[in-house]
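Structure first, then comments.
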Amino acid sequence: MESAIAEGGASRFSASSGGGGSRGAPQHYPKTAGNSEFLGKTPGQNAQKWIPARSTRRDDNSAANNSANEKERHDAIFRKVRGILNKLTPEKFDKLCLELLNVGVESKLILKGVILLIVDKALEEPKYSSLYAQLCLRLAEDAPNFDGPAAEGQPGQKQSTTFRRLLISKLQDEFENRTRNVDVYDKRENPLLPEEEEQRAIAKIKMLGNIKFIGELGKLDLIHESILHKCIKTLLEKKKRVQLKDMGEDLECLCQIMRTVGPRLDHERAKSLMDQYFARMCSLMLSKELPARIRFLLQDTVELREHHWVPRKAFLDNGPKTINQIRQDAVKDLGVFIPAPMAQGRSDFFLEGPFMPPRMKMDRDPLGGLADMFGQMPGSGIGTGPGVIQDRFSPTMGRHRSNQLFNGHGGHIMPPTQSQFGEMGGKFMKSQGLSQLYHNQSQGLLSQLQGQSKDMPPRFSKKGQLNADEISLRPAQSFLMNKNQVPKLQPQITMIPPSAQPPRTQTPPLGQTPQLGLKTNPPLIQEKPAKTSKKPPPSKEELLKLTEAVVTDYLNSGNANDAVSGVREMRAPKHFLPEMLSKVIILSLDRSDEDKEKASSLISLLKQEGIATSDNFMQAFLNVLEQCPKLEVDIPLVKSYLAQFAARAIISELVSISELAQPLESGTHFPLFLLCLQQLAKLQDREWLTELFQQSKVNMQKMLPEIDQNKDRMLEILEGKGLSFLFPLLKLEKELLKQIKLDPSPQTIYKWIKDNISPKLHVDKGFVNILMTSFLQYISSEVSPPSDETDSSSAPSKEQLEQEKQLLLSFKPVMQKFLHDHVDLQVSALYALQVHCYNSSFPKGMLLRFFVHFYDMEIIEEEAFLAWKEDITQEFPGKGKALFQVNQWLTWLETAEEEESEEEAD
């Protein structure tokens, strides 16, 4: 990752001064004393002031006391922040976010400490990265900004704040030093001690956790997409003096970031980049120099993309869950129903069902921390073995509504279990004929549980009982820890098959004391659901008729609420929604413009109500487009009417321009896309449309038929449709070259540019490309007129070379005016030169000559040349041949720059 990742500065602070860890880990707070990076060297209003030597001892003591009080206050704040982070769960997220914002973030110093604690927690608990990323998103929006008002950034880009700048700076520091802590142990010649193995495992978790955290922040747009690409390039590129076998850590980080944020990066505009990344990964995957584990990681990542980023089942559910989700998973995976706490106000005496509610405690001791999450576990008692203390209710009490120990009511008590009395107890129960009760149900449940246990993780099939004191709501410190050290807080859950449990009876056997064993799960009693006469779902034909009736009534009456209610009552399945929206569009096509607008409003309203989605609309829109040949027989202007629907959908933010453009590329349904833009300009205004279109990054040439995909033809088509205002630079290209030919003096050219081109475009890459192309075309036409039949493979004469140099020198002031201190614009100028040489079939030595002239005349800086070399975009043709011609010169430039920097360092 390059310096661009730290958008707001290069401040750093030590990763060792934070911490997070799981509950029970030793508390380490950000130190303020003796940490020059964290406090002493921090510039700004909180920096320590110089005190003159003549100050009195009293002043010194007062300053020392104030400093000590300040440090104590900071430590208290950081302790509070750590406590909040330890309690962070999906359910308490909003509440704890507010608490965190109110801890007293009054200075940049405190904000740095908060960021340090959050990042360390995210690195130590990678499973919760998404939760900490959401927390960072909230803080980036709501935390105080100490940088003052920021300059306007690019449209659609998140505003840079102090929190975001410091967060990115911290992550950059972690990224650049990602393998440092792991390499310390890998370079040891002697075998590692158990403590060192554990420290190495923790360091590796943090390394991968940082990469995953960067990916999660990228999903939320807190880290720009270009930064994510720089991370990937850094991890993937071949380092100098580094063998392939030593790239294992970087490639593991690469696989982690691809799994996390790969789906977001893999879109149409970045497809060529992603293809290059994965081509490189495929080649590395076949290399025998890499360890087998790394090769398999690469293979898994490549296959993940081939399967459209749909992960295997093992990776689907790997994030933080709410308590309700945990209960549902217990029912689905373990076959155990864990009841939620009952609502207040319901009569406990009349409860029905296999389990009593946890709020009916009857002087019982609580289960502890687990009771808050799962409610009271059924069938639990106090003590073990014979003579245990009976619980005040049995799981079947709600059904029989009586218990010998409940309010003095006479009732029935459970018999002793087989597990309590061992083999003899089991034989005694069989002799009484009790084991036949519920035999069929038990056998069915047993086979079901045995089938489920095959897919059950090993930790759930171990022997042992559920102990509330052994439950931890957070994962173990590390899944890579020393295997000999079993974490103390490891949860253990044992499934007891129904066949091992006693049958229920209403009276105990003669001579036996009623007892209840500890931690035995009762059998599941499946009640037959009450028979209800459900109507079968409506058929497709019925749904279409209902849709037609609702839409016709709405278009006639204009009552949108009734229409939405009618759609709800249809209870249409999700897969039918696109067809329903298609029907809405088609029914309004042959009606008035007012009715078409009503239909568009109805679709937008269905989206707002959560009934339909943007994808549903796009599917419906494309369905209608496929029917256009048939519809055009009765409705000749059907494409214009559909353009109105698309335009209104964009205005109401139902879809974006880029989403609409994607299925219409390469001239599909041409000129529908241009008709949509016309309608947008008509319904809104040109400036609004121009800004929206530029934000969409749609390539207009790709929207035309393949035969028309060139600049001249595109300008001609856009002028015919009245849309040339979207591309002011296209007209500029022809007019600027005419102006240069008319008067090539730099003063005249600069004045013409100022008078005719908006200042906003002066820093636009497209403008720089056109400016350089115009200069190069003029120089080529003057040095080698078109009438001359010169061979591009022959070298130019001395006079031509001198004339070329003088013309370039005359344009130098104009070039420097627009390129100075703008490396990105200088790279665009080099691409303009590359394309000019490509269009001229690469005349002998031309590219190298201009590279040398640009360097000697200080038009282009060294950094821009090297950035052009490393850039792998395929937007401009001829890059491969261009690199071949100037590669030796670029190598010289790179080594010269390194030698110069070494001399400066000496």
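Here the Cβ of each residue, glycine as well, is placed from N, Cα and C on the backbone.
Predicted, not measured: the structure shown is a model, and the values here were computed from it.
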Out of Thr42, Thr507, report back the residue that Swiss-Prot marks as phosphothreonine.
Thr507
PLDDT averaged over every residue in the domain 'W2' (719-903):
85
Note down the number of other Cβ atoms within 10 Å of the Cβ of Lys574 (SUMO2 cross-link), including every protein chain shown.
10
If you draw a 10 Å sphere on the Cβ of Thr89 (phosphothreonine), how many other Cβ atoms land inside?
15
Could you give the Cα-Cα distance between Lys574 (SUMO2 cross-link) and Thr89 (phosphothreonine), in whole Å?
32
Could you check what DSSP calls Lys574 (SUMO2 cross-link) once collapsed to helix, strand or coil?
helix
